[in-house]
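Undergrad: Next up is a structure, given as structure tokens.
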Amino acid sequence: MGERKVLNKYYPPDFDPSKLPRVRRPKNQQMKVRMMLPMSIRCNTCGNYIYKGTKFNSRKEDVIGETYLGIQIFRFYFKCTRCSAELTIKTDPQNSDYVVESGATRNFEPWREEDEASEKEKHKRNAEEMGDPMKSLENRTLDSKREMDILAALDEMKSMKSRHATVSIDSMLVALQRTAAEKEKKLEEEDEALIKSIVFNNSNSYVRRISDDEFDDGSHSVQHLTNNDIASDFKAKVKMATLGRLLIRNLFRNLFRL
């Protein structure tokens, strides 16, 4: 099989290439090439979006009279995938890119806008520094300060990473367990203090509210409740309700522990 797929040809000993007739070809002669679309475009005829990387059978030709620093500019003709309208693009060696010439519009690309803005800022800075040495010195000072800030931030990140590297998983678990135990102990102490502060029936400062039956019965002496007595009774009820909630919470906590 290999002997049938040779790439070279036999040239006889008396072969003279100068005797071959020279074919005059036009300068803008087109040739068929297979290419991939270098950018995303939209057809102006049908509005179809053609995305970057789409393969086409295109025709290539040299652009007459257009060069950049001696580099020849080429034009490519291809057709829309939906309406078969002819689209053309050209090479842009100055920006290492392609330019849509006719038949379509290029889609918005945010990174290209950022690059153009950075290039404009760079050219503007160079123009300012060219005629003003103080401006050049100020820009260099700002650049050095920015670099120092970046280096300081990097050093801080490195030190933080080294500190985190010394901490093991076991020590982190032990610290979390210790924190949880301390928090639970603190809650229990608060519950105990609140329970001890509540006034019960057998205490001397307990205030009993007179019912309607006792008020109607003449055999019992009627006691007039002052504002302080009403306030004490209200505080006692609030404390009893709080005690009930604490007891229920402790009961559920013990159940979940089991």
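Each residue, glycine too, has its Cβ placed from N, Cα and C.
Per TrEMBL, the features are:
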type	residues	note
BINDING	Cys43, Cys46, Cys80, Cys83	Zn(2+) binding site
REGION	110-131	region 'Disordered'
Undergrad: Counting across all protein chains shown, how many other Cβ atoms sit within 10 Å of the Cβ of Cys43 (Zn(2+) binding site)?
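TA: Taking all protein chains shown, Cys43 (Zn(2+) binding site) has 20 Cβ neighbours within 10 Å.
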Undergrad: Could you put numbers on the helix, strand and coil content of the region 'Disordered' (110-131), residue by residue per DSSP?
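TA: Helix, strand and coil residues of the region 'Disordered' (110-131) number 22 helix, 0 strand, 0 coil.
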Undergrad: Applying the rule Cβ within 8 Å of the centroid of the Cβ atoms of Cys43, Cys46, Cys80, Cys83, what extra residues of the same chain belong around the Zn(2+) site?
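TA: Once Cys43, Cys46, Cys80, Cys83 are set aside, the remaining close residues are Asn44, Thr45, Gly47, Asn48, Thr81, Arg82, Ser84, Ala85.
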Undergrad: Looking only at Cys46, Cys80, the binding-site residues on record, which one has the least crowded Cβ, with the fewest other Cβ atoms within 10 Å?
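TA: With the binding-site residues Cys46, Cys80, fewest surrounding Cβ atoms within 10 Å: Cys46.
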